[in-house]
Amino acid sequence: GSIGTILTGLVILWCSISASKLFVTVLAMDHQQPLVAYPCALLYGVFALLTYLMQIIVKNVFSFFKQPKSFYLVKKLFQFQTDFYCYIPLRMSSTMISDISRHTDKHENDVIQLKKEIHNLKHILNNVVEDDCSVELNELRTKNAKLLYQKTQLERALIQEKNVSSSKMINIQTALNLLFETAICNAFPEFINPPVSLTVAQNSNFGDYQCNSAMAIAKLAEKKHGKKLSPVVIAEKILENLPSNPVVKEVSIAGPGFINITLEKRFVCDILNKVLHEKVHPPGVGKKKKVIIDFSSPNIAKEMHVGHLRSSIIGESLARLLEFLNHDVLRLNHVGDWGTQFGMLIAHLEDKFPNFKEVSPPIEDLQSFYKASKKRFDEDGEFKKRAYQRVVDLQGGNPDVKNAWKLICDVSRKEFQRIYDRLDITLIERGESYYNDLMPKIVEDLKKGSFLLDICEKADDGRWIAWAPNMKIPLILVKSDGGFTYDTSDLAALHQRLKDEHGEWVIYVVDAGQGDHFKQVFGLAQKAGWYNPSITRVDHVAFGVVLGEDKKKFKTRSGDTVRLSELLDEGLKRSMDKLLEKERDKELSPDELKAAQSSTAYGCIKYADLCHNRLMDYVFSFDKMLDDKGNTAVYLLYAYTRIRSIQRKAKVDEQVLNLYISQNSINLSHEKEWKLGKLLCRFPEVITRCANDLMLHPLCEYLYELASTLTEFYDACYCIEINRETGEILSVDLNRIAILETVAKFFETGFYILGLKPVTKM
């Protein structure tokens, strides 16, 4: 160690002297005159000081990393879990405050004592000759590492205990994970990063959660020590080391070593009381990020069809999810507003509406306009030549041609916005044309990088191509005629989002058929050094296709692609038919009927998409979507409407409920109340999973389970007692009305993320 330090110091000193000489020479050349001795001496002094400091740093770094588990400790120090708030309930009695104060004082004393023990151990270690007592030294080092880990855990718990954020909802599963991780590490310090396996109990007879780590640790112990250890014994040792906490009421060992965990009812009630007093807060998910989501992306001059439905719906819901988690989200619509097809559209516009510069042409059906121009392009050679010339004019910035291009884009833009308004989708348009000026520089930078990184090359036919790692097909950067491609545009867009927008998480919501293309784009961007995947996250959110009831690609009877506007119109019609069939028009006002119609029509279309795993194809069926039974939007929306109906029937308005809430806490004494309360507290777990996987069907499954559990609650727990003969209200259980209000808040939050609009009457 000392020899290494001396050698390193000599190298640094030599480098410093060389660098200082070079620096002085450069300064002398710059000023074109010799420098006086005084500044040179000062410069040498600065570098000598830097050298001395570097020697100290190197020596301490070598000394630190000679200790075992150093890397593990460093890693643990930076694993700050922001959503662990399990050591403090949210609404505390004076007794709880007193308990927590004692708990805090105890931990602080433990930390002080641990620091003393660590100091003593370090003193012993410094006076031990490693060659003479290596066994004893290793034992001391192991004990030292264990004490350091305990100290870190205790300090982290204290920080969390004293700095609970009121704007986060507790993730109980994360809290339990950290508790059992602490217990396992204390029980088995010889294992680095031990397995912590914790799941929701499938049977209430086995508690609320289960820890299944004992079996995995038994395998590790057998592999490390060569002898079998009973999982039951391991489970017992884990429980002996479980820190005291307000989350867990009781634990028990079942079967071959499963640890059953029962939650403390008061802890769950405190979480729900906070929601009732405020709102559903997001769970803590770490650092706030700049997120850029690219979704929808239709082509100009073409109508949006059912193929754009999934990207638009999934992208909007992901944006809402990440905004709910407090990320800074930029929603981008990468429309196809550039390319050779605009040459034929502009040429056709000039022929059909020669006075388009003075009078805005009545292009109502862009789809027909596009088809007519394409037919002429394929059949008329002269028209084809003129179309190519218009492309050149457009790229060259010809004012008249550019105005014609803008006119066509504006017509499309208005049609797109009508669809987005109906589906409540928000986007900022940045089409392919936005990146035109960036593409030449991107290509030049990649060419320059090729000398060092072998990024791109010139093909025999004059094209410039680029090879992404492990891909058999290249990206085409420049065509043989010098023009750019969609590949170039996508690379320029990604570069702009990473470098100019400073995106920390870039998401592309595009169909699964583009998977290889995005692997190429992302792979090349990494190879060029645009981003480091361990720091910046770039995802392709792929999805399957929409199928008809015949299990084939969803099309009209004539075989054409289904227009999205026509699909939405059909949804409205069928929704109204269903409402009239149930005679809802006799109970709802015209405005209420219209609100229920659009809520169920658009809601069922969105939910039918989101409730499936997005990677799978799904069958589009209005009959199934509008069913009021099963996992459908109608069933969920009705569950919410029923809550509001009960509150109206009980004559409990907002003022009465707020007065009760201000004076009382939620009580979960009945079995079905307790089941409902525990399920509500699982919301942060579901949201965290959705964000990590960029999947929305777990949220749909959770809301469906919530609606089903709510039905069980209604059957067993009456909120209103009514005289069956007179219909008079005898009593109202305000505690259960408060529980329903809490459930309604979770429904509203989940519905907002999924893009559903609930109504109070249906």
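Yeah, the Cβs are placed from backbone N, Cα and C, and that goes for glycine too.
According to DSSP, the secondary structure content of the domain 'Arginyl tRNA synthetase N-terminal' (174-263) in residues is 40 helix, 19 strand, 31 coil. Residues or ranges marked as domain 'Arginyl tRNA synthetase N-terminal' in TrEMBL: 174-263.
The domain 'DALR anticodon binding' annotation in TrEMBL covers 636-762. Per-residue pLDDT, averaged along the domain 'DALR anticodon binding' (636-762), amounts to 96 for this model.
Per TrEMBL, transmembrane segment is recorded for 6-28 (among others).
What TrEMBL records for 35-58 (among others) is transmembrane segment.
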>> Quick check on the domain 'DALR anticodon binding' (636-762): DSSP residue counts for helix, strand, coil, in that order please.
In response: 86 helix, 7 strand, 34 coil
